[in-house]
């Protein structure tokens, strides 16, 4: 077999992993975020000022936010269920140290801090969990697209061939979910009246880079005979085309139907598509081609997975628009977000029940077809991850109330601290720094140039695969390559952020 055939076989005919293992893995990014925030608060407590060095800030962010994810999906994957426990214990130890030190300095009792926390007013214009979710989906995707070509990346995490739930299967749906959370229909102010098709016009203009990237990827892959998994999207199709067409189709539907009913449109699309899969020969066509033997004759037959899965991804996008609209409802208090956490938990529970019913009554999860169980699974996991990020943010808000004056980048700011201390004649310090100079932050850096980050990861992945025999790499070499690859990508984003450069011209 040629090197191309070996690499294609290495990522083919896989069946995914358990839902529980993926859920355990999803707890790692919020725990990393919480750990980084607690370390910054502890630094402020000891030194009286935040980390000002950009170099130290980048190293801290990379080592705490990115590096644990590289290890967890490679050499530490056999103990993936223990890693969240270890990280949670480490976070608890840091919090205990912060609390014990503030208690020695005669701060307010814990009961009073809890009351202040419940009454605290948060910045309603900023929801850090959305930004962090989108950045982490990008980071996890960037790690996986290269790591999957190394033997240390478990085959169960790679994309399943037909049925199954691999970590990379979730990544595709999460990318769609994250895009919908910040689409024009969600960001549009409710009191502003705009022409019905204005969002569609903006989407037509904004998706052309995705189409250009899709064409560029198609030409480059075919010209250098790069290995590809045809059953993912087809012969000519790729994810850039999927994302572009889903955004256009969703904007068209939301121009026709009220956007606050997006979840109904999503349900209708997903159910009708599943009925077609279950009651017609469409499923057999997608899986086995027009001749039943995997033919790839004609454009539709050659790209049947990419074209028909658009319906499933469209349903995910529309449902995610509804989530975005709900998240952006004005909540200015901790109490409001604690209620929102309860709402997210109920939604996750409902989607898990729907997933089990769908799998029992129809078929298992299939990213290849983007069927109804796949849609329910993706939405459940994404909402679970969002809830984890909201919980981590609220935990950091509580900790910041213990250490007045500290701040954590990409975390909620308390804009109206409770005045209970003033009533006791105590001086109330601001909960966050009020200066205009924001702390350096890797999450903000990646968020500013997300498409460039993803594109750079794709280009570097191709370069590594061309230059290195990834299949036969040893563990130490694999970890070295993955860390250099991710650090270089993060460093580019960090430099652009430091110079306030945003490479977006559309």
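Heads up, the Cβ atoms here are built off N, Cα and C, so glycines get one too.
Note: TrEMBL annotation is automatic and uncurated.
Look at TrEMBL and you will find 20-42 (among others) tagged as transmembrane segment.
What TrEMBL lists as transmembrane segment is 62-95 (among others).
What TrEMBL lists as transmembrane segment is 200-219 (among others). Residues 183-184, 236, 238-241, 243-244, 247-248, 251-252, 255, 451, 455, 458, 506 of the same chain, all 6+ positions outside the transmembrane segment (200-219), place their C-beta atoms under 8 angstroms from a C-beta of that stretch.
Residues 172, 175-176, 179-180, 183-185, 196-197, 199-200, 202-204, 206-207, 210-211, 213-214, 217, 233, 264-265, 306, 309-310, 313-314, 317-318, 321 of the same chain lie 6 or more positions beyond the ends of the transmembrane segment (239-257) yet place their CB under 8 Å from a CB of it. Per TrEMBL, transmembrane segment is recorded for 239-257 (among others).
What TrEMBL lists as transmembrane segment is 264-286 (among others). Remote same-chain partners of the transmembrane segment (264-286), defined as residues 6 or more beyond its termini with a Cβ less than 8 Å from a stretch Cβ, comprise 253-254, 257, 292, 304-305, 308, 311-312, 314-319, 322, 358, 362-363, 368-372, 375.
Annotation comment: TrEMBL describes 306-328 (among others) as transmembrane segment. Sequence-distant contacts of the transmembrane segment (306-328) (same chain, six or more residues past either end, CB-CB distance under 8 Å): 127, 129-130, 173, 176-183, 185-187, 232-234, 237-238, 241-242, 245-247, 249-250, 253-254, 259-260, 262-263, 265-267, 269-270, 273, 282, 286, 300, 340, 343, 367-372, 374-375, 378-379, 382-383, 386.
Within the chain carrying the transmembrane segment (340-357), a Cβ under 8 angstroms from the stretch's Cβ atoms is held by residues 326-327, 331, 365, 373, 376-377, 379-380, 383-384, 386-387, 390-391, 394, all 6 or more beyond its ends. For 340-357 (among others), the entry in TrEMBL reads transmembrane segment.
With a cut-off of 8 Å between Cβ atoms, the residues of this chain six or more beyond the transmembrane segment (377-398) that come close are 19, 22-23, 26-27, 29-31, 33-34, 37-38, 41, 113-114, 117, 120, 122, 128-130, 132-133, 136, 165, 170, 173-174, 176-178, 316, 319-320, 323, 327, 334, 337-338, 340-341, 344-345, 347-348, 351-352, 355, 365, 408, 411-412, 414. What TrEMBL records for 377-398 (among others) is transmembrane segment.
Listed as Cβ neighbours of the transmembrane segment (451-468) (distance under 8 Å, sequence separation of 6 or more from its ends, same chain) are residues 7, 138, 141-142, 145-146, 149, 209, 213, 217, 220, 224, 226-227, 481, 485, 488-489, 492-493, 496, 503-504. As annotated by TrEMBL, transmembrane segment applies to 451-468 (among others).
Sequence-distant neighbours of the transmembrane segment (474-496) (same chain, 6+ residues past either end, Cβ-Cβ under 8 Å): 54, 58, 61-62, 66-67, 70-71, 74-75, 139, 142-143, 146-147, 150-152, 440, 442, 445-446, 448-449, 452-453, 456-457, 460-461, 464, 468, 502-503. Summarising the annotation, TrEMBL assigns transmembrane segment to 474-496 (among others).
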